[in-house]
Structures are given as structure tokens and as C-alpha cells.
Amino acid sequence: MASPKAQVQMVYKNCARALGEGPHWDDRTQHLIFIDILNREVHRWDPTTGKDELRRVDDTVGVVVPRRKGGYILGLGRRFASLDWDTGKTTTIKEVGPENPRPSTAELPDPSAANRFNDTGNRFNDGKCDPMGRLWTGTIGPFGPGGFVAGSGCLYSLNVDRTVTLRHSGVDLTNGMAFSNDNATLFYIDSTPKNIYAFDYDPQAGNLSSERTVRQFEDSGGSPYTAEIPDSMTIDTDGKLWVAMFNGGKVLKLDPETGKTLQTINFPVTQTTSVAWGGRNLDELYVTTGRLFPEEEFKKQPLAGSLFKVTGLGARGRPAYLYEG
């Protein structure tokens, strides 16, 4: 049950016209960066003044992270790209997918992944930097009547030397990521099978191994458009996971050791998408939302697409990692 001290506040109304996602608190500037994936927008919001600076880009944007040397790194369609904030110009670093040759087994951390590599028609969806400054982001496949094409997504890292490594494949719908506080584990959500996985993670090489399931959520029923699924997540300094449940209107606090729900925070909208710790003490949980439904439903959920802040949780996060390339 939700803590009686937890307070949910709407702080930026209807800032996403389609799919608000990817919040990243820049501890250096005290700004929140977030995206509207389908409207191809990158937002930089100042919670002190309420000012929102907006940059529009030329493709769907699945992830944005600040770059140590300035500017931002994006996942645009299937491209890794840099964004110069002052000019709004994007520059492609590397594209993944059908334009690149099928990787040989020697190029794959997991050689068996070669048999599952099928990334045609995909786009980047969600990502996060690791302790070494790599950007990890994954793809999702085309969406059809039955949902996203199963097994067509992959997980990549953009390394600090600007090379790209395929880290994992056979994914349905790449979503939330979090690195454990001891930097030994990557937690990773594949939304369509409703699973949170954990991998042993080698921070120096970036290799993943020993995949296991932390939590498999029960099937809530409904169509691919309405089913409740785990979306994005973050981690607190106690090592607990905070997971946004898309079509569930809630954020769950989970124990990764047991997979059990420790706390539930409810919202006045259904499409809760992503979470990030922010504020000067990193004890405020920012939550993005979407509004992927007809206008008639929006009348019932007038705060859909808004940004929310949750306080009084008795938890805090760590500064988010930057891209170091």
C-alpha cells in the first residue's frame, strides 16, 4: 500500500502530447530532461522557474542523456546522434539495424544471439548511461495487431569511443534499465512478456551474463493497447527498484531480491511511463505520462501527458550517469 506520507503533485500539465518518457535529472544544472517520443521532442525543464526549453528533432526520440563535454546524446529512430542544444542541430554518430551487416558470432558477447538477430523496422526505446559513461539503449520491433513483433529487438551500448556493441538480442519491447549500487548488476525490463530481468554486469568490459528473472507480472488482460505492462524504472540508494506501470496508473517499489511489491503509488492517469530521481537531495521522484488514446478518453483523463512529482517517499537516488564520449 502507498505510504501515507507520499504526496503526488502534478508539476507540468500536458507537457507531452503523445508519449512523455525518458526523464533524466541533470544534477549539474538542476534541470529535468525528458522526451515526447512520438512527437519527436526533447524538453529541458527548470522546476524552479517552470521554464521549458524545447527542441524538435527529425525522428522518433527514444532516449536523451547529457554529454559530459556538452550537448546531449539521443537515440533517434535507429540512430545514435548528438544534439547541439544552442543550434538544435543533430549529428548522426552511428545507425544500427538493417543498414549494418548482420554481426558475426565473433562480434557478439553471446554467440547464440546471431540466430536471433532481426532488427529490421525497429526504433530505439529507452536507455541509460552506465558507470563507465557508455549509453545503453535498446530497440523495439514494428507494432502490429498482435503487439510488437516478438524477439525482434536488441540491446546496444554506444561506447565512449563512439563504437557500438550489440549486447543482447531476442527482445520484444526494450524498456527500463537500472544499474545496481555496487555496479555488478543490470536490471532490465522487457515489457511485452512483462518481465524484469537481472544480468551480471562487468563494468569494465560491459559484458552481460547469467540472465535471470526478478519479477514476472501477471497478465492483466486486455488488448496490446490496454494491457498493463512494466515500462521504465529507476533504483534508489537502498537498492530498491521503482517501476512505472503503463496502463496501470501507478509506480511500484520492488525488492529485487524477492520480486515483491513494497509500495504502490497511484496517479490520476493510466499511462504512467517513466521515473527519475531529482531535486537537490535527489529525493523527489519525477514521473512522466502518456496520452495515447482517443480524445474521448482524454476528456476523462485531463492530466494525461503531464509531469508529476512524488515526495515524502523516504528514499532517494544517486546522480544519473552522463555519456563520457
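A Cβ is built for glycine as well, from the same backbone N, Cα and C atoms used for every other residue.
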> ASN175, ASN181, ASN281: which one does TrEMBL list with GLU21, ASP231 for the divalent metal cation site?
Replying inline: ASN175
> Far apart in sequence but close in space: which same-chain residues, 6 or more away, have a Cβ under 8 Å from GLU21 (divalent metal cation binding site)?
Replying inline: PHE34, ILE35, ASP36, ILE37, GLY62, ASP126, SER232, THR273, SER274, THR288, GLY290
> Among all the protein chains here, how many other CB atoms are within 10 A of the CB of ASN175 (divalent metal cation binding site)?
Replying inline: 29
> Can you check what DSSP calls ASN125 (substrate binding site), collapsed to helix, strand or coil?
Replying inline: strand
>> Restricting to the chain of ARG123 (substrate binding site) and a gap of 6 or more, list residues whose Cβ falls under 8 Å of its Cβ, or answer none.
In response: ASP59, THR60, GLY62, GLY75, GLY77, ARG78, THR139, ILE140
> Excluding GLU21, ASN175, ASP231 themselves, which residues in that chain have a Cβ inside 8 Å of the centre of the Cβ atoms defining the divalent metal cation site?
Replying inline: GLY22, ASN125, ASP126, GLY176, ILE189, SER191, SER232, ALA244, PHE246, THR273, SER274
>> I'm trying to understand the geometry here, so how far is the Cα atom of ASN175 (divalent metal cation binding site) from the Cα atom of ASN125 (substrate binding site), in Å to the nearest whole number?
In response: 6
